[in-house]
Amino acid sequence: MMCFRLSPVSGSGLVLSCLLLGAVQSYAFELNLPDSKATCLFAKWKMNFTISYETTTNKTLKTVTISEPHNVTYNGSSCGDDQGVAKIAVQFGSTVSWNVTFTKEESHYVIGSIWLVYNTSDNTTFPGAIPKGSATVISSQSIEIPLDDIFRCNSLLTFKTGNVVQNYWDIHLQAFVQNGTVSKEEFVCEEDKSVTTVRPIIHTTVPPPTTTPTPLPPKVGNYSVSNGNATCLLATMGLQLNVTEEKVPFIFNINPSTTNFTGSCHPQTAQLRLNNSQIKYLDFIFAVKSESHFYLKEVNVSMYMANGSVFSVANNNLSFWDAPLGSSYMCNKEQVVSVSRTFQINTFNLKVQPFNVTKGKYATAQDCSADEDNFLVPIAVGAALAGVLALVLLAYFIGLKRHHTGYEQF
C-alpha cells in the first residue's frame, strides 16, 4: 500500500490520509512508500511550476502556474529496482507529470534528473496555446547524500529551463531507507547553510525581553570580468541581501561557490552581474565621474522569494565606493548599500576595482576609513576654531571686567 498526503501550506489542520484539495496557493506533498510493510522511501516537499506558452492571440505569451494539484496520482513511484534506481512520480491529471530519480551507490545515494512533462493540448490549463502537444523539460541534478541520511533543504531552489521555472522548498527526503526507519541524521543543502530568516517576535500581555537573531556573515567571493584576454574588473566581497518587503525580513547570504558571474567593461562604465538558482540577476554598475574617480552608480536585482514570487528593484542614482581612477576601493568592515526602502546590500571584506586593472591585480586601495578621516578632519578643525574663539571671548570679558573695576576704585 502507498499512502500520500497533501497538506495546505497555510497550516490548516485538515489532513486526509491520501489526498486533500483546497483553495490555497501551494501544497506540501508527503510520500511514505513502503516495501514489505516497512518504509523504503520517504519524501515531504513543496513545489510549483510556472510555464510560459505562446497563444493564438497575436502570438502573445501567457503564463500559468501549476500549484493547486487536481486529480493527483503517484503511479510509477518505486523504492528501487535491481539496478538500484528509485523514483518518485507525480501526475496532475492528464496534463502535467513530474518525476525524480535516485541512484544507490556503495556509500551514498544520488538525486538524479528531474523530469517535467506538460501537454498544451489541454485547453483548460493552456487556453489558446500554440502549438498543441507534449513538451518535456529535464533538469539534471547530481546531489550526493550519504546512505542513512535524510536530505533537508528548506531554502527555495529554483531551476529555470527555457520557458519553465520550477520552484522547490521545505524538502525532506530519504531514498533507500534502511530497516524501515527514517533517519534523524540530516544532510543539509548549501543554500540552507547560507540563508537566515528572521522570525517575527510574538508579543504576550507582558512582553518578555527578546533578541533578534544575528545572521551569520556571508562567505567572501572573488569575482572578475575580462575584456578579451585581459582582466578589466576585480571584486572581492561577502554579500548579504536584505529584503524587508514582507512582515518577516528575508536575509540571504550569497554563496560564491554556487554563484555565476559575468559582466562587461567600457571606458565610462563597468558592470558585474551575479546569478544563481535564487537570484535571476544582481547587477553592480560602476561609472566614472569628473574623469578622475569611479563609484558605484547603479544596482539592479531580481530574485525569487520563498513563496515563489519574484522581487525586483533597480536604482541608477547611487553614490557608493568612491575612489580615484587607477586605485581600488577597500572596506573590511560591514557596509550597507541602501538600494531602496525595501532592499539593501550588506558587504563584508569589500575590495573592488572596476577600471584600469593592470596584470589582473588590484592597485593601491583607498580604504573606507579614509572617508571617515576626511569627514572627521573638518569637524576637528571646526571644534578647535570654536575653542580658540571661546578663549578669546573669555579673555575679552575678563579684561573688560577688570577695566570697570579699576574705574570704580579710582
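Using the three backbone atoms N, Cα and C, a Cβ is placed for every residue, glycine included.
Record features, source Swiss-Prot:
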- 1-28: signal peptide (SIGNAL)
- 29-192: region 'First lumenal domain' (REGION)
- 29-375: topological domain 'Lumenal' (TOPO_DOM)
- Cys40-Cys79: disulfide bond (DISULFID)
- Asn48: N-linked glycosylation site (CARBOHYD)
- Asn75: N-linked glycosylation site (CARBOHYD)
- Asn119: N-linked glycosylation site (CARBOHYD)
- Asn123: N-linked glycosylation site (CARBOHYD)
- Cys153-Cys189: disulfide bond (DISULFID)
- Asn179: N-linked glycosylation site (CARBOHYD)
- 193-228: region 'Hinge' (REGION)
- Asn222: N-linked glycosylation site (CARBOHYD)
- Asn229: N-linked glycosylation site (CARBOHYD)
- 229-375: region 'Second lumenal domain' (REGION)
- Cys232-Cys265: disulfide bond (DISULFID)
- Asn260: N-linked glycosylation site (CARBOHYD)
- Asn275: N-linked glycosylation site (CARBOHYD)
- Asn300: N-linked glycosylation site (CARBOHYD)
- Asn307: N-linked glycosylation site (CARBOHYD)
- Asn317: N-linked glycosylation site (CARBOHYD)
- Cys331-Cys368: disulfide bond (DISULFID)
- 376-399: transmembrane segment (TRANSMEM)
- 400-410: topological domain 'Cytoplasmic' (TOPO_DOM)
Model confidence over the region 'First lumenal domain' (29-192), averaged pLDDT: 87
Nearest of the recorded positions (Asn179, Cys265, Cys368) to Cys79 (disulfide bond) - Cα to Cα: Asn179
For Asn229 (N-linked glycosylation site), the number of other Cβ atoms found within 10 Å of its own Cβ: 5
Cβ packing number for Cys40 (disulfide bond), 10 Å threshold: 20
10 Å Cα neighbourhood of Asn275 (N-linked glycosylation site): matching recorded positions from Cys189, Asn222, Asn260, Cys265, Asn300, Cys331: Asn260
Distance from Cys40 (disulfide bond) back to Cys153 (disulfide bond), taken between C-alpha atoms, in Å: 20
Alpha-carbon spacing, Cys189 (disulfide bond) to Asn229 (N-linked glycosylation site), which is rounded to whole Å: 36
